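S.K.: Taken from TrEMBL, the feature iminosuccinate binding site covers His25, Ser42, Tyr113, Val114, Asn115, Ser130, His199, Pro200, Glu201, Thr216. Taken from TrEMBL, the feature [4Fe-4S] cluster binding site covers Cys87, Cys173, Cys261.
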Amino acid sequence: MLDRNELKERIKQLKEEKNAVIVAHNYQNDEVQEIADVIGDSLALSRYCANNDKDVIVFCGVHFMAESAKILSPSKTVLLAEIDAGCPMADMITADALREAKKKYPGAVVVCYVNSSAEVKAESDICCTSSNAVEVVKSIPEKDILFVPDKNLGSYVAEKVPEKNIILWEGYCITHHRISVEQVREIKKIHPDALVLVHPECRKEVCEEADFVGSTKQIIDFAEKSEHSKFIIGTEMGVLYKLKRDNPDKTFYLLSQGLICPNMKKTTLESVYNALKEMKYEIKLDENIRLKAKKALDRMIRIG
Ligand code: 13P
Ligand code: SF4
């Protein structure tokens, strides 16, 4: 068995040998974020993967994120460090179910949160992430929008863009949806001088109680720039790694101890080492699906 330092050293060697880059989502285990070349939210990581010149991308995150990297970078070998790291929200919609819904709402433009499979993206008009969902919806000339699969992000957008008729899908994130407004009120009583920062995957009532609503990166940036020194964090606990590392003088309280995404936590140093050593688990996509999904992602990326 290799110890942590040996593992880190081997990963570094393999990375150079294979001309690889390690990308990690903000929710990854601390030890994975530590060895990553880049850490970010879904949008930043997609962009980074599309624009770097390495041959191999080792994705430390969940399946849909590695798929997005492959959609945008077809000539690269994209590896997902843990094969069964999925996203339960992404599994709450299938391409077949979306095709059925499109028949029901023929005039609606389909906006698809990137937390979805390549097949679902391929059936959509445009993608969005939690950091640009409002801008994406505002950019659409049509009034009727079928927003899939996150009903919480969809409700948040509906409030910000009231001129649109947003039809919601019955999907949600099991980690964020669990947070109740009572929990927010309770923790605010304990830390009355702290600002509440939450992810838009939280319920509408929770977002309404917050001082700031944003993607993982937007939450991290907000805390960094803010003059406040205490924050209650309403998103997955992995963001605490960067928040604490980069803001040693500030204090962060996790809104609930339940803010853990079990799938994000599957990836360890061993997973990254094995992925690089054995070149697994490679993401492969049907070219027809990839091209259609790319169209929806490209339309989003053009918005900026
Ligand atoms: P971000 O786009 O904010 O990184 O969110 C991804 C995600 O899965 C949140 O649960
Ligand atoms: Fe999916 Fe929620 Fe985990 Fe994000 S936190 S990857 S939405 S299950």
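Each residue, glycine too, has its Cβ placed from N, Cα and C.
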S.K.: Restricting to the same chain and to sequence separations of six or more, state which residues have a Cβ under 8 Å from that of Cys87 ([4Fe-4S] cluster binding site).
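M.R.: Residues satisfying the criterion: Val62, His63, Phe64, Asn115, Cys173, Asn263.
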S.K.: Cα-Cα separation of Cys261 ([4Fe-4S] cluster binding site) and His199 (iminosuccinate binding site), in Å?
M.R.: 13
S.K.: Below 8 Å Cβ to Cβ and six or more residues apart, same chain only. Which residues does that give for His25 (iminosuccinate binding site)?
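M.R.: Long-range Cβ contacts: Ile39, Gly40, Asp41, Ser42, Leu45, Cys60, Gly61, Val62, Met65, Thr216, Gly238, Met264.
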S.K.: With the iminosuccinate site defined by the record as His25, Ser42, Tyr113, Val114, Asn115, Ser130, His199, Pro200, Glu201, Thr216, how many Å span the farthest pair of C-alpha atoms?
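M.R.: Roughly 17 Å, rounded to the nearest whole number.
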S.K.: Using a 6 Å cut-off on Cβ distance, which of the binding-site residues Cys87, Tyr113, Asn115, Cys173, Cys261 come close to any atom of ligand 2?
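M.R.: The ones that qualify, in sequence order, are Cys87, Asn115, Cys173, Cys261.
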S.K.: Please classify the secondary structure at Cys261 ([4Fe-4S] cluster binding site) using three-state DSSP.
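M.R.: The residue in question, Cys261 ([4Fe-4S] cluster binding site), is coil (DSSP, three-state).
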S.K.: List every residue in the same chain as His199 (iminosuccinate binding site), at least 6 positions away in sequence, whose Cβ is under 8 Å from its Cβ.
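M.R.: Correct list: Ser130, His176, Val213, Gly214, Ser215, Thr216, Ile219, Gly234, Thr235, Glu236.
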